[in-house]
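Novice: My questions all concern the structure below.
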Amino acid sequence: AEARSMESLEKQLICPICLEMFTKPVVILPCQHNLCRKCANDVFQASNPLWQSRGSSAVPSGGRFRCPSCRHEVVLDRHGVYGLQRNLLVENIIDIYKQESARPLHAKAEQHLMCEEHEDERINIYCLRCEVPTCSLCKVFGAHKDCEVAPLPAVYQRQKSELSDGIAMLVAGNDRIQAIITQMEEICHTIEENGRRQKQHLGLRFDTLCSILEERKKELLQSIAQEQEAKVQRVRGLIRQYGDHLEASSKLVESAIHAMEEPQMAVYLQVSVDGAPRLLLPCRITDMSKVSMSSRPEPGYENMDHFSINVDYVAEMLRTIEFQTGA
């Protein structure tokens, strides 16, 4: 029972990287899993190859790696793994375990597998040809007498070391892949941000073009409105001038008709019209009829076609707007 307890305790004190008992000082990750400081530093360095070591004169930057036990992402500051907290409880347990293991009377009972062919023989060697553990009698008299063998502890240590290196390599490779994924996610974010900025910039450029067109439209409309007002004012002035003449002429006609209705010669010759003798009425009629009617707008004066513009080439140019290439 004591041996089983010690074996169970030992399993809890094994580093998932080197598969050995935790080496002081033990560091505790944010996910509550433990690693040897050296193993944690190896994984961190593999995931952050550009990280400056503590001996560098430059101020190191932080980095990140994933816990080999649960894949939780661990973010470290500029101190790297040296900024992680030491797990003093695990260190004390390791010290107690080593002290108990060193006691001869209460040494941990090693559990040995026994050979199936030779029940009293321990399995203590490894057949390199058949790749199976076996006992010494199998090598001397049994199925492995012609095979090459090696001590079981040596093969165990070598294979465990290879497995540990493979685990570290695989963990480092996974972390590198995760770093690449993170970098690509950042690239996607940068692409989206740059696209948003360029869309905004393009919109501002087209808004500027629209503002220029609108301003030019106002200027051209103002030119049309100015000439329109000048022509209308001139024509209306002529209308007033001819209207005044028409009114005076109509009054003169009424006076002449009224004079024609006078039956008495003396009265007809004596009475004045608008302060002038009636005898002068024919002269006034003659003068009124001789007023010049040449003050009129020339033919085509009302035409405004000279304000037409051709925007076909401008429209075609706008349709060919493209993004600049090169620098």
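Placement of Cβ uses the backbone N, Cα and C atoms for every residue, glycine included.
Note that TrEMBL annotation is computational and uncurated.
Dumping what TrEMBL says about this protein:
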type	residues	note
DOMAIN	15-71	domain 'RING-type'
DOMAIN	110-152	domain 'B box-type'
DOMAIN	260-324	domain 'COS'
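Describe each of these features in terms of where it is and what it packs against.
Specialist: Averaged across the domain 'RING-type' (15-71), the predicted model reaches a pLDDT of 74.
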Novice: Using DSSP, what is the helix/strand/coil residue split across the domain 'B box-type' (110-152)?
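Specialist: Per-class counts: 6 helix, 11 strand, 26 coil.
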